[in-house]
Amino acid sequence: MNSTDVTKGFTEQFGKQAEHTFFAPGRINLIGEHTDYNGGHVFPCAISLGTYAAVGTNEDNAFRLYSANFPKVGIIDIPFSDLFQDKRGLWTDYFQGMARVMKTAGANFTHGLNVYINGNLPDGAGLSSSASLEMLVGTILNNLFDGGFEPLELVQFGVKVENDYIGVNSGVMDQFAIEMGRANQATLLDTNTMKYEYLPVEMGDNVIVIMNTNKRRELADSKYNERRSECEKALAMLQKGIEVKSLGQLSEDEFDENTYLIYDPILIKRARHAVFENQRTLKASKALQDGDLKTFGKLVSASGVSLAFDYEVTGIELDTLVTNALKQRGVLGARMTGAGFGGCAIAIVNSADVEDFIDNVGKAYREKIGYDAHFYVADIADGARQLN
C-alpha cells in the first residue's frame with residue numbers, strides 16, 4: 001500500500017483529484033510495557049505499516065470522511081456545527097475527537113475537507129491503529145489549516161481524545177512513538193518528565209518479527225483500565241509510608257523494601273511489574289547501545305514473563321506464540337507488545353532463520369489455537385508526515 005492507492009480511492013469516492021496525501025505509522029514497543037501511565041520509561045519505534053490519507057477541499061463547512069477499512073460505513077459527514085456532538089460509535093469518532101480538541105485549543109477550520117483513509121495496520125492487533133489515525137488527523141488539520149501546534153501538542157491532543165472522548169485511560173506512548181518516530185531509531189522516553197532520546201536500533205544480522213495472534217482486542221472493553229486502576233491503588237498504599245509520585249520512580253530494591261505497605265497480593269504483582277519493567281527498559285536500552293544483543297534479548301523475554309505472570313495481560317494466544325518463538329533457532333528474545341489481551345507479539349530473530357521461524361511458529365499456533373497467525377518483518381520508520 002502507498003499514497004497512489006489512496007489518491008486513486010479518493011477519486012473513485014469523491015469524483016475529483018486529491019490535493020494532498022499524508023501518512024501516520026503504527027508502532028511497536030521494544031520494551032517498557034504498561035509503564036507509560038506509571039511514570040516509567042518506554043522504548044517504542046514507529047513502523048512502516050500505518051495509515052494513509054488523501055485529502056481535498058470542499059465548499060461545505062464539513063468533514064466528509066471515508067475509510068476503505070470500513071467500506072460498509074460509507075461516507076460520513078461531520079458538519080463543523082456537529083463537532084461537539086456525542087460520538088457515534090464509528091471509526092470517525094477519532095477524527096471528530098481530534099478535530100474538537102484542536103478546535104478548543106484554537107484551530108480555525110476555514111473550509112471543509114474530503115478525506116479518504118486506508119491503512120494496512122490490522123485493526124485491533126495492538127499496533128496502535130487508533131493512535132495512528134489520531135496522529136494522521138492531527139497532522140492533516142495542523143498542516144492544512146496552519147494550526148501552528150508543536151508535535152508534542154498533537155501527541156497530548158491524541159491522549160486527550162483517548163482518555164476523555166473514547167474512554168480509554170491510556171498513557172502517552174502510542175501517540176508519541178507515532179508522531180515523533182525516526183527511521184531506524186527507537187525513542188527512550190521518560191513518561192514522567194517527557195524527556196526523550198533517540199537511540200539507533202542496530203540489530204546486526206537480526207530482524208524484528210511481528211506475530212499477530214489475529215485475536216482482536218478492544219482496549220475499552222479489555223482489562224486495560226482495570227490494570228491502571230490497580231497500579232493507582234498500589235501507589236496510593238505506598239504513598240502512606242514513603243514519598244513517591246509514581247511507581248516509575250522506585251528502584252527494584254526500594255519496591256521490595258516497601259511491599260509490606262501493599263496488603264493486597266494482586267496489587268503487589270501489578271506494581272512489581274511496573275517497577276521492574278521500568279528498570280528492565282533502562283537496562284535494555286543500554287544493552288542495545290552497547291551492542292549487547294544477547295542481554296537485550298534476555299530482557300525482552302523477561303518482560304514477557306512479567307507481563308504473563310505479574311501483570312496477567314497475555315492469554316493463550318499470545319502465550320502460544322511467545323512460547324513457541326523462544327523454542328526456535330536464531331531467536332534472541334520474544335514477548336507480547338502493546339496492551340495485551342490478544343493483539344501482537346514480537347521476536348528478535350536471526351535473518352537467516354526467519355523463514356523457518358515463521359513456518360514452525362505458525363504451524364504450532366494453528367495446531368494449538370485452530371486458526372492462523374500472521375507474521376510481518378518490521379521496518380522502523382519515520383513518524384506522521386505529509387507526503388506531497
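One is the number of the first residue shown, and numbering goes on along the chain from there.
Glycine too: its Cβ is placed from the backbone N, Cα and C atoms.
Residues Glu33, His34, Thr35, Asp36 are given by Swiss-Prot as substrate binders; from Tyr165, Tyr196, Tyr198, Tyr224, that same site also lists Tyr224. Taking the C-alpha positions, the distance from His34 (substrate binding site) to Asp174 (active site, proton acceptor) comes to 11 Å. Of all Cβ atoms in the shown protein chains, 30 besides its own fall within 10 Å of the Cβ of Asp174 (active site, proton acceptor). As a whole number, the greatest separation of Cα atoms within the substrate-binding residue list Glu33, His34, Thr35, Asp36, Tyr224 is 13 Å.
For Gly126 (ATP binding site), the count of additional Cβ atoms within 10 Å of its Cβ stands at 30 [all protein chains shown]. For Ser67 (ATP binding site) paired with Glu33 (substrate binding site), the C-alpha to C-alpha distance reads 30 Å.
Considering only the recorded positions Leu127, Ser129, Ser130, Asp174, Thr35 (substrate binding site) has Asp174 as its nearest partner by CA-CA distance. When Cα-Cα distances from Ala125 (ATP binding site) are compared across the recorded positions Arg27, Glu33, Asp36, Glu162, Asp174, the shortest belongs to Arg27.
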